[in-house]
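Worksheet: one structure, shown below.
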Amino acid sequence: MIEVLLVTICLAVFPYQGSSIILESGNVNDYEVVYPRKVTAVPKGAVQQKYEDAMQYEFKVNGEPVVLHLEKNKELFSEDYSETHYSPDGREITTYPSVEDHCYYHGRIQNEADSTASISACNGLKGHFKLQGETYLIEPLKLPDSEAHAVFKYENVEKEEEAPKMCGVTETNWKSDEPIKKASQLVVTAEQQRFPRRYVKLAIVADHRMYTKHKKNLKPWVFQMVNSVHQIYRSMNVLIALVYLNIWKKNDKITAQSASNVTLDLFGNWRETVLLKRKRHDCAQLLTAIDFDGPTIGRAHVSSVCDPKRSTGIVQNYTEINLVNAVIMAHELGHNLGMDHDGNQCNCHACIMSAVINNPPSERFSGCSMGYYQTFLTAYNPQCILNALSKRDIITPPVCGNELLEEGEECDCGSPENCQYQCCNATTCKLHSWVECESGECCEQCRFKKAGAVCRAARTECDIPENCTDQSADCPTDSFHRNGQPCLYNHGYCYNGNCPVMHYQCYGLFGPNATVGQDGCFDANDRGDEYFYCRKENEKYIPCAQEDVKCGRLFCTYIYDINLCRYDYSANGMVAQGTKCADGKVCNSNRQCADVNTAY
């Protein structure tokens with residue numbers, strides 16, 4: 001058996017090195033599977049939000065524990081955020097969705113001075129973080145009954161072998177080189193970085209190609225991108241707030257061209273003649289999936305913010321990596337705010353305003369960019385970005401029947417002849433007096449669903465289905481069966497709504513032909529070395545007691561070669577907490593095979 005284990009060490013020390021997987025961010029060559037553990041809880045008596053204001057998650061990266069601190073980005077949306085899309089027959093529909101309890105966060109890694117994070121917590125953790133100078137991406141793995149996530153370095157996402165992508169801006173901001181010379185000599189101190197607070201109310205338009213490409217995922221994809229743009233501009237004391245999203249579901253409102261300069265001009269004309277009359281905003285960015293000519297992936301007018309036609313930018317969605325698209329948008333927005341491309345004289349060869357997109361993309365502004373921005377504020381004094389967004393920022397007075405939800409209206413479904421929304425009185429643009437709700441898992445035809453109607457099905461046999469109460473449109477808080485209840489025909493015990501068993505963990509690590517290794521494989525966990533152990537205390541590996549060996553390193557095999565002892569060297573290759581290790585026993589937090597009645 002020892003000989004088999006030695007062979008395994010040679011073959012499987014790094015089972016993910018060289019392995020690949022197709023994720024939402026693309027084809028990833030090397031990744032780790034992690035199980036983020038939430039280590040914060042809502043205090044007793046506190047109001048339970050769907051998404052808490054602050055959270056912490058613990059997981060391991062490269063075998064070392066990290067704690068990810070997250071804070072909700074409460075400045076992501078304007079107070080009057082609205083969306084416009086189009087019905088199948090082409091009618092324009094504008095709504096004002098509630099976005100206060102959203103799921104987009106900024107954060108940092110604990111004890112990492114230069115760390116940042118931009119994370120969506122809507123369905124698992126998705127986004128990016130900086131750790132020890134490297135950019136990591138994280139996203140959930142689509143495994144049954146699992147909280148597994150993939151963590152991988154940006155460099156491990158496969159990129160197409162092609163010419164470097166770049167911005168299409170060629171115009172120069174200033175008539176002389178003086179601002180460039182001053183900026184290149186600038187040593188930016190903390191005091192100098194305290195730019196005056198400015199507010200950019202951002203409108204985003206997604207064309208039909210974008211909708212076809214992303215479908216229902218388009219909105220969260222845009223929100224995640226703007227969350228990253230918001231974080232990037234914090235260093236400049238510029239608040240980027242999303243005020244409006246327009247999705248061209250049915251057809252485009254302009255005919256986008258592969259020539260980026262033509263598309264930018266067309267979009268500017270449409271913004272001036274249509275969009276500004278619909279919603280007040282400071283800058284508009286067009287997201288498109290068209291392939292621009294040459295290496296161009298974005299374009300914008302320089303020093304143009306507040307200009308009715310020129311305060312625009314266009315961004316090509318050329319990659320599935322959300323962070324890259326966010327950096328491109330931040331770059332084009334930088335042009336709107338007076339920044340030129342970084343030259344050789346700048347103190348950063350790979351910052352945001354570099355003409356060529358870098359790998360990984362930078363989230364820093366150079367000293368040149370700071371100088372350009374400061375000079376732009378002084379020379380142009382743009383008025384539209386001076387003040388925070390007002391509570392209601394609609395330009396035209398409300399008109400009942402125009403299918404736009406405006407000040408003083410509870411609903412607007414069009415004329416009485418065309419109204420298809422039964423909750424709304426089309427004559428008054430008020431909800432009918434009998435209306436109990438408009439939306440929600442427990443709302444149906446404007447009334448609360450009857451008590452007992454299932455609103456959230458059980459994910460697993462350890463989960464509990466939630467039922468409507470006849471008192472609210474919202475589904476009750478998710479709950480699950482008690483920890484320790486037998487599950488999967490007594491092959492496991494419930495733990496936090498899941499049924500962790502070794503077989504499924506092997507499946508997640510090594511594929512559908514994998515199963516649990518023979519008992520003799522686990523005896524290696526009594527060694528107490530860097531490969532086989534139960535705990536790590538003060539940099540020392542603690543061997544497993546004989547009764548605890550099935551709570552240390554997980555051993556798997558293949559159904560066609562049961563004598564093989566296969567294992568995963570990373571932290572994800574340890575037996576998961578709550579896993580059954582013997583009859584009536586589970587692995588506790590100390591990796592001891594403990595009685596199921598006391599383990600939790």
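Numbering starts at 1 and runs along the chain as displayed.
Cβ from N, Cα, C; glycine included.
Database features (Swiss-Prot):
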BINDING   Val399, Asn402, Leu404, Glu406, Glu409, Asp412  Ca(2+) binding site
DISULFID  Cys306-Cys384  disulfide bond
DISULFID  Cys346-Cys368  disulfide bond
DISULFID  Cys348-Cys351  disulfide bond
DISULFID  Cys400-Cys429  disulfide bond
DISULFID  Cys413-Cys419  disulfide bond
DISULFID  Cys423-Cys446  disulfide bond
DISULFID  Cys437-Cys443  disulfide bond
DISULFID  Cys455-Cys475  disulfide bond
DISULFID  Cys462-Cys494  disulfide bond
DISULFID  Cys487-Cys499  disulfide bond
DISULFID  Cys551-Cys587  disulfide bond
DISULFID  Cys581-Cys593  disulfide bond
DOMAIN    198-389  domain 'Peptidase M12B'
CARBOHYD  Asn261  N-linked glycosylation site
CARBOHYD  Asn317  N-linked glycosylation site
CARBOHYD  Asn425  N-linked glycosylation site
CARBOHYD  Asn467  N-linked glycosylation site
CARBOHYD  Asn513  N-linked glycosylation site
SIGNAL    1-20  signal peptide
10 Å Cα neighbourhood of Cys437 (disulfide bond): matching disulfide-bonded residues from Cys413, Cys423, Cys446, Cys593: Cys423, Cys446
Most crowded position, judged by CB atoms within 10 A, among Asn261, Asn317, Asn425, Asn467 as glycosylation sites: Asn317
Cys494 (disulfide bond) and Cys487 (disulfide bond), Cα-Cα, nearest whole angstrom: 6
Where Asn317 (N-linked glycosylation site) falls in three-state DSSP terms: coil
Rounded Cα-Cα span from Cys384 (disulfide bond) to Cys419 (disulfide bond), Å: 37
Across the domain 'Peptidase M12B' (198-389), average pLDDT on the 0 to 100 scale: 91
Cα-nearest neighbour of Asp412 (Ca(2+) binding site) within the listed recorded positions, Asn317, Cys346, Cys581: Asn317
Residue, out of the disulfide-bonded residues Cys384, Cys455, Cys587, Cys593, whose Cβ gathers the largest set of other Cβ atoms within 10 Å: Cys587
Disulfide-bonded residues compared (Cys348, Cys413, Cys443, Cys499) - the one with the fewest other Cβ atoms within 10 Å: Cys348
Residues that sit under 8 angstroms from Cys400 (disulfide bond) by C-beta distance, when 6+ apart in the chain: Glu409, Asp412, Ala426, Thr427, Thr428, Cys429
10 Å Cα neighbourhood of Cys413 (disulfide bond): matching recorded positions from Val399, Cys443, Cys587: none
